[in-house]
């Protein structure tokens, strides 16, 4: 089957089959990444703009490497986050870039839905590298790929997602993706960080405590506490947060033996994860990063009109 | 100059009239309402067969953006939009630039409306200077210059002591105080209703409690000071419960809602639709139902549009950055007529909420067809079908969530002081 979308903005917009296609393609792409010469001509002559309105090292680099391994020309732009206050609107910026005829714009933006706004108005493909607290589909896909590597399936997994769900686009993409693939998702965090109606997001259970969420879990996914977003009202102190919502070797024992520990990074060591867990045997954090490149190659490939052929 | 309106279904709640009658207008005033009236040969005759003939509609909450923000709307285009929507009178909020917090601005609005506007314009002055919530505006002079109420509109008076004094002072001056009931600290950076849709879209929510808490405060202050209070654009079931209870124990509180609150829910925001971004935000289905129930049981006294024109660039932008509000003058009548179709309101009850009650609340001499009163009359064609289109809207701005939708019902004629200011088609 072919991939029919011009853009990839949210896993909410994709079917189970489309998600599977992206994961399968990513598996194929991984082979390229293990070669001595990590480059194929697939997207030769294509121009990709990485337009990052928010600071990012790993996601931007990962997209850039993905583009280059497919032989596309990738350009990075980091406009001031306050372009609106400088007078140029997002649409004006985009129109200017459009005049330079890119094929794909990979964008990160602090405002949820900014990608839909562009996608409706520009003919090129838009890939979401994170929008506000909405979605981060490449992260969701790389997380699912990492889980599938470990278990061979996603159906029937118990996945605990712990932390600041309200502000987490990673959580939203994972919830959308995982519930479509048949996983059961359990959320935990301080009630100040669990959004209204979260239980309606799919096959999701909101737990009263972290222990309840990770009890018997196959996967424990810890979310980053975004210190810049917590203000003064959501948490008393990081110390208290880590005590009640941090993952350490003790509470990890509640999860299944050999359960996967995941984190989208960057980790606040000693807050979300104790270093024993972050660097321990059960941590899959570096595998997540590794899979990121393959997943992003798959995304670039499919929005460019690529068809997966079994090799 | 005489005008004879024949054969229409005349509805005048104040006189308890709902009958097929004629209306004779002479020298800008209603001369007679009866069957089989005849007029002098020179009279203009309108055959209103199949139409409703009602006291001119009164919108007690609009933004004309004049002075200062005429790129969005001005008194000429705003009153034209009002006339096209069947409104013969509008009350305009003070959040102009400069703010209407002194008699000079009020006088400008009154003079320009008189010279260039096509419907009656009743200015609403500010409660506090600059609507900054720091010190009281000169309400006495505002009233003298023509203001019919005071409100800080989108900037609710945060200081409770100052709000208490504002209610007391306004009572002394005999001017209605209109509260935009919103606890801003609960709103924070919220951009839409807090609920499942906001969670899914990853947009920061505005809790219903922000409206309820502020409504409760203002209602208790009105009760404490025994002052009249009008609450603008009520959108939550909680606020309505508070107002209903307050009315039952005799508190002098009235309130309005807007057509979007009984027509849409926060579902309309999906797709990051900036024309569904407003304040208060579109709420849940339960709130929508509560608004309808409150219209039915009389808790809600008036339907106002909160007509809020914005320039294209202010809406065609990322959701968080888009300004709040929609235009409403030209869509209010068909959307409100649906309430009659849905049996939420009888036709006379609807006319009460769109003409009689807003006039009473503002203390203006409108809302009736009694002989001797100003001949402000709306002739409504309930069957007229039309499509909301940016090309045909009279408002300078086009920020409507109903663009492209077909509406049923429209003003066939809008008559101000006996003069036809709008004729459909």
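Every residue gets a Cβ built from N, Cα and C, even glycine.
For residue B:306 (active site), the same-chain residues lying six or more positions away in sequence with a CB closer than 8 A to its CB are B:61, B:62, B:63, B:232, B:233, B:258, B:278, B:325, B:326, B:328. In the three-state DSSP scheme, residue B:306 (active site) is classed as coil. Residues or ranges marked as active site by TrEMBL: B:306.
Per TrEMBL, the feature Zn(2+) 1 binding site maps to B:61, B:63, B:153, B:306. Classification of residue B:63 (Zn(2+) 1 binding site) by DSSP places it in coil, neither helical nor stranded.
Annotation source TrEMBL lists substrate binding site at B:63, B:64, B:65, B:95, B:279, B:310. Counting every protein chain shown, the number of other Cβ atoms lying within 10 Å of the Cβ of residue B:279 (substrate binding site) is 20. In the three-state DSSP scheme, residue B:279 (substrate binding site) is classed as coil.
Within the same chain, the residues at least 6 positions away from residue B:180 (Zn(2+) 2 binding site) whose Cβ sits under 8 Å from its Cβ are B:151, B:152, B:153, B:154, B:155, B:156, B:232, B:233, listed in sequence order. Positions annotated as Zn(2+) 2 binding site by TrEMBL: B:153, B:180, B:233.
What TrEMBL lists as domain 'Dihydroorotase catalytic' is B:53-237.
Per TrEMBL, the feature domain 'Amidohydrolase 3' maps to B:341-422.
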>> Using the Cβ center of B:61, B:63, B:153, B:306 as the Zn(2+) 1 site position, which other residues in that chain lie within 8 Å, going by their Cβ?
In response: B:62, B:92, B:93, B:95, B:154, B:232, B:233, B:304, B:307, B:308, B:325
> Among the binding-site residues listed here, B:63, B:233, B:310, whose Cβ has the fewest other Cβ atoms inside 10 Å?
Replying inline: B:233
>> For a three-state summary based on DSSP, what are the helix, strand and coil counts in the domain 'Amidohydrolase 3' (B:341-422)?
In response: 17 helix, 27 strand, 38 coil
> For the Zn(2+) 2 site given as B:153, B:180, B:233, which other residues of the same chain have their Cβ within 8 Å of the site's Cβ centre?
Replying inline: B:61, B:93, B:151, B:154, B:156, B:178, B:179, B:181, B:182, B:232, B:279, B:306
> For residue B:65 (substrate binding site), what residues in its own chain, 6 or more apart in sequence, show a Cβ-Cβ distance under 8 Å?
Replying inline: B:71, B:72, B:73, B:74, B:78, B:96, B:309
>> Please list, in sequence order, the residues in the chain of residue B:64 (substrate binding site) that are at least six apart in sequence and whose C-beta is under 8 Å away from its C-beta.
In response: B:73, B:74, B:75, B:78, B:79, B:90, B:92, B:96, B:109, B:121
>> Return the average pLDDT for the domain 'Dihydroorotase catalytic' (B:53-237) as a whole number.
In response: 98
>> What are the sequence-distant neighbours of residue B:95 (substrate binding site), meaning same chain, six or more residues apart, C-beta distance under 8 angstroms?
In response: B:63, B:131, B:153, B:154, B:155
